[in-house]
Amino acid sequence: MAASSMALSSPTLTGKPVETSANPSSQELGGARFTMRKSATTKKVASSGSPWYGPDRVKYLGPFSGESPSYLTGEFPGDYGWDTAGLSADPETFSKNRELEVIHSRWAMLGALGCVFPELLSRNGVKFGEAVWFKAGSQIFSEGGLDYLGNPSLVHAQSILAIWATQVILMGAVEGYRIAGGPLGEVVDPLYPGGSFDPLGLADDPEAFAELKVKELKNGRLAMFSMFGFFVQAIVTGKGPLENLADHLSDPVNNNAWSYATNFVPGK
């Protein structure tokens, strides 16, 4: 959407001729040269027939949604025309919130999988030191330490500081690479960097890529709600998500959100 070079409408600036170099991304003003990096988003527009973009896109209440705010035009994925709090009215704030939502969505999807998958394997005979997600970390303080996947030959962790430092270094390196645009500045959009982050080439087709952005946000929003539910379950029941699901299916009348909410006593 944004251009990669600057055009000057007048041949002079402050009375001095302006010479343009052969490189369209650099200019000379007097004796000084400056170079401009490609801006943050090179936009690939979805087809006008997409149900997820444009003025005729799917809205939050379908045909009963009413008129969307003027600043919600259907330009971005996940825009259902709903913003009663006006959080998207300021373009700069909206841009920051979009990035926060996408990043948190990705972490939530990974987190939800990490909460459910070990418990699922444990219930099917795979041995874990502790399969319940909010109890697993405490194993590092046990005498034997924490074995990843219950296998001491993989990662045998006995220092919480070492685990913390390793996560900061590895996660920080990847995030730094994404935000900085890669070592050569080849990443145009830090939200959807592509390149090494897309080894399968899922973003090669613009229309498919536009639809994948919507799917990512829809699943990410569900995952964020799921993680919130997992936290509440852990506090109220002291059990993992699959065990809570099994309890509900075995006795839905006594094992549900309402019964726990009306009988919950903090600290018990």
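Placement of Cβ uses the backbone N, Cα and C atoms for every residue, glycine included.
According to Swiss-Prot:
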type     : residues                     : note
BINDING  : Tyr60                        : chlorophyll b 1 binding site
BINDING  : Trp82, Ser88, Glu101, Arg221 : chlorophyll a 1 binding site
BINDING  : His104                       : chlorophyll a 2 binding site
BINDING  : Arg106, Val155, Leu184       : chlorophyll b 2 binding site
BINDING  : Gln139, Leu149, Glu216       : chlorophyll a 3 binding site
BINDING  : Ser159, Glu175               : chlorophyll b 3 binding site
BINDING  : Gln167, Phe264               : chlorophyll b 5 binding site
BINDING  : Gln167, Arg178               : chlorophyll b 4 binding site
BINDING  : Lys215, Gln233               : chlorophyll a 5 binding site
BINDING  : Asn219                       : chlorophyll a 4 binding site
BINDING  : His248, Ala257               : chlorophyll a 6 binding site
COMPBIAS : 1-13                         : compositional bias 'Polar residues'
MOD_RES  : Arg37                        : N2-acetylarginine
REGION   : 1-31                         : region 'Disordered'
TRANSIT  : 1-36                         : transit peptide
TRANSMEM : 102-122                      : transmembrane segment
TRANSMEM : 154-174                      : transmembrane segment
TRANSMEM : 222-242                      : transmembrane segment
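Comparing CA positions across the binding-site residues Glu175, Arg178, Asn219, Ala257, Phe264, the one lying closest to Arg106 (chlorophyll b 2 binding site) turns out to be Asn219. For Arg221 (chlorophyll a 1 binding site) paired with Arg178 (chlorophyll b 4 binding site), the C-alpha to C-alpha distance reads 22 Å. Between the C-alpha atoms of Trp82 (chlorophyll a 1 binding site) and Ser159 (chlorophyll b 3 binding site), the distance comes to 46 Å. With a cut-off of 8 Å between Cβ atoms, the residues of this chain six or more beyond the transmembrane segment (154-174) that come close are 140-141, 145-148. Rounded to a whole number, the distance between the Cα atoms of Gln233 (chlorophyll a 5 binding site) and His248 (chlorophyll a 6 binding site) is 12 Å. For the pair Phe264 (chlorophyll b 5 binding site) and Gln233 (chlorophyll a 5 binding site), the Cα-Cα distance reads 11 Å. Annotation note: Gln139 (chlorophyll a 3 binding site) sits in a helical segment as assigned by DSSP.
Among the binding-site residues listed here, namely Tyr60, Gln139, Arg178, Glu216, Ala257, Ala257 has its C-alpha nearest to that of Gln233 (chlorophyll a 5 binding site). The maximal spread of the chlorophyll a 1 binding site, taken as the longest Cα to Cα distance among Trp82, Ser88, Glu101, Arg221, is 17 Å. You'll find the Cα of Ser88 (chlorophyll a 1 binding site) roughly 43 Å from the Cα of Ser159 (chlorophyll b 3 binding site). When the binding-site residues Gln167, Arg178, Lys215, Ala257 are compared by Cα distance to Tyr60 (chlorophyll b 1 binding site), the shortest distance belongs to Lys215. The record gives Trp82, Ser88, Glu101, Arg221 for chlorophyll a 1. Within 8 Å of the mean position of their Cβ atoms, the other Cβ atoms in that chain belong to Gly78, Asp79, Tyr80, Asp83, Leu87, Asn97.
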